[in-house]
Amino acid sequence: MNNPINHNNSVTHVSNDKFIWKDKVSQIASKYGILLVLLVMMITMSFLSEAFLTTQNLLNVVRQISFIGIVAMGVTMVIITTGIDLSSGSVIALVSVVSASFAHPGEFSIFVPLLIGLCIGALAGFINGTITAKGKIPAFIATLGMMIAARGLALLYSDGRPIPDLSSAFLFIGKGEILGIPFPIIVFIIMGIISHLMLSKTKFGKYTYAIGGNEQAAKICGINVDRYKILIYTYAGLLAAIAGMMLTARISVGQPSMGNMFELDAIAAAVIGGTSLTGGVGTIGGTMIGALIIGVLNNGLDLLGVSSYWQQILKGIIIVSAVLIDARKHKKV
Amino acid sequence: MSENYILEMENVTKEFPGVKALDSIQFKVKKGSVHALMGENGAGKSTLMKIIFGIYTPDTGMIKFKGHDLKVSSTKEALKNGISMIHQELSPVPHMTVAENIFLGREPTKGKFGWVNNKKMIEDAKDLFKTLNIDLDPNSKMKDLSIANMQMVEIATAVSYDADLIIMDEPTSAITEKEVEKLFEIINSLNAKGVSIIYISHKMDEIFRICDEITVFRDGQYIGTKETTELTQDTLIQMMVGREIKQVFHKEKAEIKEVILAVSNLSKEGKFDNISFEVRKGEIVGISGLMGSGRTEVIESIFGIDPPDSGDIFIHGEKVKIKTPQDAIKLKVALLTEDRKLSGAFLPISIKENMIISSIDQFLERGYINKKLVDEACNEQVEQLNIKTPSTDQLIMNLSGGNQQKVLLARWLLNDPDILILDEPTRGVDVGAKSEIHKLMSKLAQKGTAILMISSEMPEVLGMSDRVIVMHEGNKKGELNREEANQEKILEMAYS
């Protein structure tokens, strides 16, 4: 009688150990997996193309994704609360044309277009947040409305035409370099650090995760859920404005068609970086790496001469794969 | 012998992790009769119903239906076998019509391609209503119906399966006197046709009016079956509670001082009416009552989740306005909610963050969270509440129910509350953690915290409370102090 019982015990023990071991691997994989993917991609690319691992090319990649990356930080926070922001691309366009119109040489101080741009972005985000939180309607709808309306407003304001002739001070934010590093990259890193600290070290951040983790419980814990939601959307709008103005300076014109599909790339960066659409999960670091993965993918495929059509297809596959992996991770728990 | 019975269950056992929901029970229903199933919350009634209806499969035991072994593993099979059920909670599809709701999943079809035959569906629904004498238009949208009418549709749906056995789980909880009469007419005509009914209700008068036999369960065990005529309300309650309180409760004497929380004439339409009571410093006050008696609603309105329509709340003798949980927390009130998953824990987040979330201000230093302060406070709580976890960085969802509950308690203790409201503080918690939570409650009371506890567990209410408030259908039925409170008195009030 004793033997089979003993036998059984040892079996469960082994499977338990295995389970723990597997758990640890998956823990490490889920924590650093995205970074590993990026490294593997970079190593592979450096073998496939000599042009890839040069300072110039790498700076190029990072500068290219810095715009999306900045937007994606705000989107990450929004998604952590189980929201979504579809309006960032259109907000970029609106900020682009309005700030450009105040940035002609010799007219205003550089601070005027910058300040106006930031205000527009923040206002758009504030409206998104207020409608979502106070109106109790899905963020998808609220920001879809903003996406359409802000694009229309950009076209109306610019009469559908690009706005050229910008001051050199304004152009610096898109084209300038400090110690050989493009200005947008510096802003990307600074905003990354700020956003990361906000999310991981402040009350604002803890509440953001709490709202996404369980909104009902957050209310009972005394969190003013509506107010924090509005703050989060406002911050997302502010980041879109920063990206919009730098992008405008980068191409030297205010463009009402700018930022098309940007919102989706930003969401993709966040999702690839491990932000969960079910809320409560996501990091700024992950999102920045997610943006870099998109950048390396674009750049690598460019260098390899893969057609842009194929690039789109691959990007689609990667995004869905990232979410599939995320969904499996959640099922396990 | 067995031809008399439509359903026979013997030695049926169902275990869930940590609880024996049904312990080798028996249950027999006669053909063409109405059989009441009685027992307190947690007696095992709903588990039994779910087994009969194919939602759960029993671990062991024999079930015979119409003389044959019954093996159903889905509700669909149960329906096919001739068992249907009226569920306690309504599950209408609001944007579909009444007829579509009734025939959901078994729509009459026509033609090769199986198009839904709408005309026939509506005709069938009309016929059904006619035979049941229900005055409803099958074409109206479910969402436009009153709750009572939705319940009538639910009843009609259950009948429409032409089942031989219909389980009715609290069928009258949402309907008025008039519809109850109609339901009883329906039941009588079904009985005449040889259909059997299992009737679950908290309403004693209904049980004694309509039921032929009564079976009583207690703590997952079969207590007995009697003919209704053999029983009185008192003897039935005796059967339901007749348990010795075996558990030892760690209730220690605390000095009861001045009133800290007082509510007077608190009312909220449709939920509770004219509720007044007091809780004193060092006192544990229990609120007892059946589910749906308005217990949770009262404390939620005190905490500002759903503020009352009228009435006053006094804290430390001063009249206060509590419109949101923020207001309540500022006044040093804390609420441990009933449903950990739904309104308590932040599952994807660490233990540490779950703990500090409502007292975060005390850990801020120049806008940043001071990790050292957080760790100190959290580790202290882990030690004090004996929370079993390797680290406070663990996600809370990796903890057992009891440990999760302790984390949530710690969350509120970090706020150092004067008034601690606990809604089912030990639900789904293992025995060890349970007694630890009870010890903690005692200790807090001794330190001068005023504790208000809702519990469906009679031994817990009696073991922990200095005073018991009994609620029934949104009203306060009475108040008993520790010495006079016993199970019989409480149940009598709760069921009246």
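The backbone N, Cα and C atoms fix where each Cβ goes, glycine too.
Note that the coordinates shown come from a computational prediction; the quantities given were computed from them, not determined experimentally.
Residues or ranges marked as transmembrane segment in TrEMBL: A:32-53 (among others).
Taking Cβ pairs closer than 8 Å, the transmembrane segment (A:65-98) reaches residues 116-117, 120-121, 124-125, 128, 132, 139-140, 143-144, 146-151, 153-154, 157-158, 163, 182, 184-185, 187-188, 191-192, 195, 199, 208-209, 211-212, 215, 228-229, 232-233, 235-248, 250, 254-267, 269-271, 273, 275-284, 286-288, 290-292, 294-295 in its own chain, all 6 or more past its ends. Here TrEMBL flags A:65-98 (among others) as transmembrane segment.
Non-local neighbours of the transmembrane segment (A:110-131) in the same chain are 74, 85, 87, 91, 94-95, 98-103, 137, 139, 142-143, 145-146, 150, 167, 169-170, 173, 229-242, 244-245; each lies 6+ residues outside the stretch with a CB under 8 Å from one of its CB atoms. Look at TrEMBL and you will find A:110-131 (among others) tagged as transmembrane segment.
According to TrEMBL, the transmembrane segment annotation covers A:137-157 (among others). Counting only same-chain residues 6+ beyond the ends of the transmembrane segment (A:137-157), those with a CB under 8 A from a CB of the stretch are 78, 83-87, 89-91, 93-94, 96-98, 101, 124, 127-128, 131, 256, 263.
Here TrEMBL flags A:178-199 (among others) as transmembrane segment. Sequence-distant contacts of the transmembrane segment (A:178-199) (same chain, at least 6 residues past either end, Cβ-Cβ under 8 Å): 59, 62-63, 65-67, 69-70, 73-74, 76-77, 80, 172, 205, 208-209, 235, 239, 242, 246, 250, 283-285, 288.
According to TrEMBL, the transmembrane segment annotation covers A:232-252 (among others).
What TrEMBL lists as transmembrane segment is A:264-297 (among others). Remote same-chain residues near the transmembrane segment (A:264-297) are listed as 30, 33-35, 37-38, 41-42, 45, 61-62, 64-65, 68-69, 71-77, 79-82, 84-85, 88-89, 188, 192, 195-196, 199-200, 209-214, 311, 314-315, 318-319, 322-323, 326, 330 (criterion: CB distance under 8 Å, separation of at least six residues from the stretch ends).
Here TrEMBL flags A:309-327 (among others) as transmembrane segment. Beyond the ends of the transmembrane segment (A:309-327), by six or more residues, the same chain brings 268, 271-272, 274, 276-277, 290, 293-294, 297-298, 301-302 to within a C-beta distance below 8 angstroms of the stretch.
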